[in-house]
Amino acid sequence: MIKKHEYKILYKRILFTCFILIVYIFGSNISIVGSEGIYDNKDTFFKLAVSNVGGDLHTLNVFSLGLGPWLTSLVIIMLLNYRNLDQATKQTRSEKHYKERIITIVFAIFQSYFVISTYIHNNFIKDSNIILLMLILVAGTMLLVWLADQNITYGICGPMPIVLTSLIKSLFNNQHFFKLSVSVLLLILVIVTLVIALLILLFIELSEYRLNYKDIMNNSTNKTPTYLAWKLNPAGSISIMISLSVYVLLNNMINLIATLLGSNANFEFLSFANPIGIMFYIVLQIVLSYLLSRFLINTKKKADEFLKNGNYFDPIRPGRETERYLNSKARRVCWTGAILVALILAVPLYSTLLVPNLSTEIYFSMQLIILVYISINIGETIRTYLYFDRYKQILNKYW
């Protein structure tokens, strides 16, 4: 009976998520300009980056910007709250939403202006309707953010299903991949590298770092081991989505400011066609992944919990000493996970510089890696829902 009930709740959540995805697919097919392929012949990774945050630049549609501005706003808020996590946890849901929406609108205005300016530069549209197009793109972004937010409450995995759908759509739009003209040996090498990368990602996602501690409530004769478990990469696939959205937004803002100032400066070094641009992104990915992981682990909160319930790490004293101990362990775990994920992303990115004629195929492989990583996270989230639904009646009594 309980099992039927828990599956019924899960089915309702999945059904709601499917409804959200139908709205997203419908909106992403509403073209607001009758032209296609603005980026078809250049900056393939720019399209990939935008598709990784739920956007689509194959055509200018309602959801072209995706969730990029929102994810970037989350980074800004996370950095502001990082110094004082206690105050951040005391904020109400409406306060958090208010800050997120304001910053999201500002970033969406910047990004929409850059995208439309690119269309004008390529003579796809006239500059007379730029304000209207910006309004549509910003409104579309805010609608998509609202859908993702509703999916967090009533669906599964928040923004991840939207990004997953965007990636699948992007893979099908990549027609060049199906016209390969490379040697069999090179193709086998690419496939083997892809499989190895996926296995490493799976290892990272399933690995845990465990810290044994003494539980004062565990008085049984056959004592089961008690430990604090952290994932090797606590940030998961969301760190890749956030780093890509921040990179795209920074790139857009720098180019936009240069255009407004009338500068003819060449910012090719910020693109993925340049090793400096790739290095900048890899460093950004490592730093943001580390910060997000530390934010999620929240060692100060865990140290306070141990101080209140009496549990301790032998021979560490409770309180500040426990917090310092947890911080040292958390730094090791978070840096390791962040660097490993960044290295997996760095290999295909630098490969595009060594074999430029295979850049589209390599980007395709990278999209596939990210797609599988997000799928793993979605699968784990579903298992978590089933676990908590199974014990929901007990948890509601005491929580």
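Please read every residue number as a count from 1 along the shown chain.
Note: Cβ is positioned from N, Cα and C throughout, glycine not excepted.
Same-chain neighbours of the transmembrane segment (14-34): 54, 56, 59-63, 119, 124-125, 133, 136-137, 140, 143-144, 147-148, 150-151, 154-157, 161-162, 165-166, 169, counting only residues six or more beyond its ends whose CB sits under 8 Å from a CB of the stretch. The feature transmembrane segment is assigned by Swiss-Prot to 14-34 (among others), with sequence analysis given as support.
Annotation source Swiss-Prot lists transmembrane segment at 60-80 (among others).
Packing against the transmembrane segment (102-122) from elsewhere in the chain are residues 33, 35, 38, 57, 60, 64-65, 68-70, 72-73, 76-77, 130, 133-134, 137-138, 141-142, 145, 248-249, 252-253, 255-256, 259: each is 6 or more residues past its ends and has a CB under 8 Å from a CB in it. Look at Swiss-Prot and you will find 102-122 (among others) tagged as transmembrane segment, backed by sequence analysis.
Sequence annotations record features per position, and here Swiss-Prot assigns transmembrane segment to 128-148 (among others) based on sequence analysis.
Per Swiss-Prot, transmembrane segment is recorded for 152-172 (among others).
Positions annotated as transmembrane segment by Swiss-Prot: 184-204 (among others). For the transmembrane segment (184-204), same-chain residues at least 6 beyond its ends with a Cβ under 8 Å from one of its own Cβ atoms are 232-233, 337, 340-341, 344, 347-348, 358, 361-362, 365, 368-369, 372-373, 376.
The transmembrane segment annotation in Swiss-Prot covers 238-258 (among others).
Look at Swiss-Prot and you will find 272-292 (among others) tagged as transmembrane segment, backed by sequence analysis.
Residues or ranges marked as transmembrane segment in Swiss-Prot (evidence: sequence analysis): 335-355 (among others).
Sequence annotations record features per position, and here Swiss-Prot assigns transmembrane segment to 362-382 (among others) based on sequence analysis.
Here the transmembrane segment (362-382) has Cβ contacts under 8 Å with residues 10, 44-45, 48, 51-52, 156-157, 160-161, 163-164, 167-168, 170-171, 174, 177, 190, 193-194, 197-198, 201-202, 205, 236-238, 240, 344-345, 348-349, 351-352, 355 of the same chain, all six or more residues outside its ends. Counting only same-chain residues 6+ beyond the ends of the transmembrane segment (128-148), those with a CB under 8 A from a CB of the stretch are 20, 23-24, 27, 32-33, 54, 60-67, 69-70, 100-101, 104-105, 108-109, 111-113, 115-117, 120, 158-159, 162.
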